[in-house]
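J.: First, the structure itself, so that you have it in front of you.
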Amino acid sequence: MSKHTNIPMFRIGIGYDVHRFDNINNDDSNTSITICGIEINYHKKIIAHSDGDVGLHALADAILGAVGCGSIGQHFPNTDQKWKNAKSSHFVIEAQKKAQERGYIISNADIIIICEQPKIMPYALEMQHYIAQFTSIDPSFINIKATTTEKLGAIGRNEGIAAQAIVLCSQQY
């Protein structure tokens, strides 16, 4: 990494993640998926190498991008057994450390979950507080929202789930 004498005051990053659902409609009420750290009862499972948390994957990707550290796939490749079934909060914590090493803090995060099912908004506040807890970011600077694709494409056919995140990083003082 080159040393900059004029570090930008602000940097913005965007992240994206998508995972397929399994094809089995599981009637087992113990089946759940994890989104932004919160377990949600759902009749399908996410197919993933780690815990498959698209919200936190997108957030980690956005943080890494904001500070010029590449992508989540570069730091936590799905070909590495070390990350098998890993909790996605670990990815966000490590991305946050990279930002801090480069002189930045996360000032704001906006995460959108894209799916037809399950419904996300009943869990949004809990997700916001979960992320705030392990990142030490004020919950009012974390936003969680959800949308559908109006039944268009693979996500519209409920074959998977996606997330996008954008973060604003500011210079540490």
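Sequential numbering from 1, following the chain as shown.
Glycine is treated like the rest: Cβ placed from N, Cα and C.
Annotations for this protein, taken from Swiss-Prot, read as follows:
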BINDING   17-19, 49-50, 76-80, 147-150, Arg157  4-CDP-2-C-methyl-D-erythritol 2-phosphate binding site
BINDING   Asp17, His19, His57  divalent metal cation binding site
SITE      His49  site 'Transition state stabilizer'
SITE      Thr148  site 'Transition state stabilizer'
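Distances, neighbours, how buried they are, the whole picture for these features please.
T.: His49 (site 'Transition state stabilizer') falls outside any helix or strand according to DSSP and counts as coil. Listed in sequence order, Asn78, Trp83, Lys84, Asn85 are the same-chain residues six or more apart from His49 (site 'Transition state stabilizer') with CB atoms under 8 A from its CB.
Shown in sequence order, Val54, Gly55, His57, Ala58, Asp61, Ile72, Ala162, Ala163 are the residues of the chain, 6+ apart in sequence, with a C-beta less than 8 angstroms from the C-beta of Asp17 (4-CDP-2-C-methyl-D-erythritol 2-phosphate binding site).
In the three-state DSSP classification, Thr148 (site 'Transition state stabilizer') falls within coil. The Cβ of Thr148 (site 'Transition state stabilizer') has 16 neighbouring Cβ atoms from other residues within 10 Å, across all protein chains displayed.
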J.: Give the residue from the binding-site residues His19, Arg157 that has the most other Cβ atoms within 10 Å of its Cβ, counting over every protein chain displayed.
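T.: When each Cβ's neighbours within 10 Å are tallied, His19 tops the list.
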J.: Between Thr148 (site 'Transition state stabilizer') and Pro77 (4-CDP-2-C-methyl-D-erythritol 2-phosphate binding site), find the distance joining the two CA atoms and give it rounded to the nearest Å.
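T.: Rounded to a whole number, the Cα-Cα distance is 28 Å.
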J.: Just checking, which of Ser50, Thr79, Thr147, Thr149 (binding-site residues) has the fewest C-beta atoms within 10 Å of its C-beta?
T.: Thr79
